[in-house]
Amino acid sequence: MVSARILAALAITALVQALPLQPKGAVQSGPGFTAIQPGSYFVEFYGEPAGSSCDREHAAFAEQTRMAGLVVNTRNSFKRLFNGVAIDLPDSGCLEQIASLPMVKRTWPMQMRTRSVAIPSSNVAPNLLFAHQYTGVEKAHAELGLDGSGIKVGVIDTGVDYMHPDLGGCWKTPGCPFQYGMDFVGNGYDSGTTPRPHPGPDPRDTCDGHGTHVTGIIAAHGSKIKGVAPGVTLGVYRIFGCPGNGTGQAADDVILKALEAAHEDRMDVINMSFGGGSGWSEDPLSVAASRLVNDGVVMVASTGNAGANGLYTSGSPGLGVGVINVASFENWMITSLSIDVVGTKSNVSIVHSSPGNSKIRFVFRTPTRVVAPVDGSGSIEGCASYTEHFAGQILLVKRGGCTFVEKAAFAQSAGAVGVMVYNYDSELMSPTSASDNVTIPLVVIKSDDGQAILSELNFGRVTVTATNRTMSAPNPAGGQISHFSSWGPDPELYLSPAVGAPGGNIFSTFPLDLGGYTSLSGTSMASPYVAGMAALILQAKSKKISVGEVRRLILESARPTVDANSTALLSPLRQGSGLANIWDAIAALATIDPPQLSLNYTELGAQSSTNAGDSTATDGLDGVAIVKRARASPLARPTTQWPIQMVRTLTLRNNSPTNFLTCTMTNLPASAVSSFMANGSFTATPRTWPESNNTTAVARDTQPQAFVEGPALPIRVAPGDTQRISVRIIAPTGLSQKDKWFYSGYLRFNLLWDDQVGTAQSLHVPYMGFLGDYTKLDILSSPDEGLPFVSLRGSTDAIADDDHLLIDAAHRLSVHYRLEHPTRLLKMQLVDEENVPQGYLPYGYLEYLGRNYQGGSSHYSNSTINGTLYHDADLTRPFATAPGTYRVRIDALRPLRSPSDPDGFQTWISPKFVLDSVSLVKNATADKLEVGDSVNYGEY
């Protein structure tokens, strides 16, 4: 058993290694590269957080920087979760001196996190209560009387409109649910554009709504909305300012300050509906979250909304060890605002989208005429000025041709009082028509409904009324994984997400100034659902339960769902353990440790020892943490000759104090997924096996097999006792290694107690492995994609061998590359004709990177050749590039390989080019890089 102390030490080491020290310069935000706040840094001291040396080291740092004449602005000090300071340095040249101070263990640049953008749902008001029917919440409320009373839940987000009646309409008064929290930033804060916080007196949010929506999912207790745990005590910690201030980002020191405050307030559960990107467990915030888990706090986070970008899109801090990162499932029922249409031949009620501007509602209490004219260009799309006037009428227009803002503006200029846009198909989508110049409402309706109104107009007059009346209808996608929900695994081949919960089409509270209620979709909505569940478990167990047990109950009682695109269960890389069910979690009379199995990689035909490479171990946190520190060297491959087989040992605990437990096990194969097509080309939408169009029986050897090796089935476990179970898992030999498959499945443990009623339960443990040698995967894109290449800045034409070039203020070179797999280390250097490194490029030493996505703005990354190189990996000692003959060399560390292993890198070397002259503008070092020169993303 691995002790909690060892895990904490490992977490501290991970934080130290998290990011390199970097010079001043604005690194662009995007997948795989977290945005950097220019001139701001974390400085970590050697002493343990909350240790006896903290005060002494902080005082010594302040004194020694003052004595050295260094201009240092200390913006935040930390002693609880992290021992160190956040600083601003007007002169980044001082960084090397600061790093050399005796108490300084490590420095790294200040990262910035983007608020999770919730997705406006396709309909206005999906009913949260319907979700409660399918997740056991309704039953837990009604039959067990659970509401989270006595449990403290922290919400780190955009703040909350605590004056909302469904949230109590109070702040820190006796009996008020809001007893803790504070504003760390103020309305005008944005770490990218207005980085100096000006906190308000409390965390009230009247301008954004994300945090109010999240809080309602956890704890609303009104007539319209009832949260998962409406009786909890809340702490709200505001880390984001109002939207519209800039990038919508918060700096890591602000978030860490909020985490420390929540910890100091002794929150039992903390929800983090932010983050995203292609993350790492070594990310500083992931490590901070892990420390909170280690200290007894249930940490819950959204896994991210980047599902369209495929594998490796789970974000931090949700990848922190022991954190429950949550995928999103679609709600089952949608309760939508309706439009009543009255025509000559027929009357009908139809649904519409949320309004394009949330402040301008689509409400017409008296019959209002609808017309469908052509615009000045003869089109029905409404993308040009109208030649007629339509005072007091609603225009029906077709989607397309121009923006929704333009459609609304042209209609408004013609005197219209509203716009209905009929879509291309039967789906609804949420438009955006917010503009200072548009004052009329705009909504989207389904294509069939639009066509029906057009037909009715052929017979005569058509009117509509819209009075906020609702109508309910089943959601065809109810209970399925949301299309936007991010995929795992994490870059070190551990299973992500942990579990799923309702997050698609969720109706919850919203600031009163913004309408009071709205529907949003996102893993941001699924995360607080699970946070509420954790509160119910803590209440049910009178808080006499460990963080690991809470996590295990939620994961093992979840129900895996079928893949809508295949005939198998959905891969745990998309749904984790499945859809969470709180009734089953609380009722569970047994647990299994660990709750998930990450099998690492399996190269067919290879040999090594049984259980080798199994870093999924029970630990001092009762199964919370997965010890993920084997990356310094390749993990040992599993045992035996073909077919490849692995043995994993799990511990079954019978929590019944009086009855024996009988156990059998069933293997449930799930879909295999790959980022590569049969021809080897990369695909953002993962390829699956069995395929969706497969109509034949699935060959047994194309799916993993699993059986209990010992003890013999059925297994008997005495009351209150435990039994170790060895499970042999056989990788699918009928799938090709060259296709880079992730295979997976679920071990279903069928449990029966010998009590009078014959209590029966089942628990599920997902498993996942990579078919092939994971340590040999390429990081950089295939040459078939045309990357990497070097070009003149502003061009996409690659330079040719022996091109003669010059560097000056107007002429620079760009290095374009694409990462198709996350990498722990990326190095970009200029080398001479003998391949001897001459220096690092600006931002030429990057650690813990996610992969590039397929979207236009994130398809590839680039760096610059501007005449400045660096002697050191910390990029603190710049020097001018001499004229000469060079190549660019990119070294990308392959998965699970050690940076000290020269054979662990994939290397690309550019064509040879000659720099005839290098003329630097004064001070043209990385300190003065233009935005376009730093790591960024662009169309390709």
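From the backbone N, Cα and C atoms, a Cβ is placed for every residue, glycine too.
Residue density at Asp157 (active site, charge relay system): 29 other Cβ atoms are found within 10 A of its Cβ, drawing on all protein chains shown. The active site, charge relay system annotation in TrEMBL covers Asp157 (among others).
Sequence annotations record features per position, and here TrEMBL assigns active site, charge relay system to His210 (among others).
Around Ser524 (active site, charge relay system), a 10 Å sphere centred on its CB holds 33 further CB atoms from the protein chains shown. Per TrEMBL, the feature active site, charge relay system maps to Ser524 (among others).
Among the features that TrEMBL reports, domain 'Peptidase S8/S53' is placed at 148-564.
The annotation domain 'PA' is assigned in TrEMBL to 379-453.
Positions annotated as signal peptide by TrEMBL: 1-18.
Mean pLDDT, taken over the domain 'Peptidase S8/S53' (148-564), works out to 91 on the 0 to 100 scale. Using a 10 Å radius centred on the Cβ of His210 (active site, charge relay system) and all shown protein chains, the other Cβ atoms total 26. Helix, strand and coil content of the domain 'PA' (379-453), in residues and according to DSSP, is 17 helix, 14 strand, 44 coil.
Between the CA atoms of Ser524 (active site, charge relay system) and Asp157 (active site, charge relay system) there is a gap of 10 Å, rounded to the nearest whole number.
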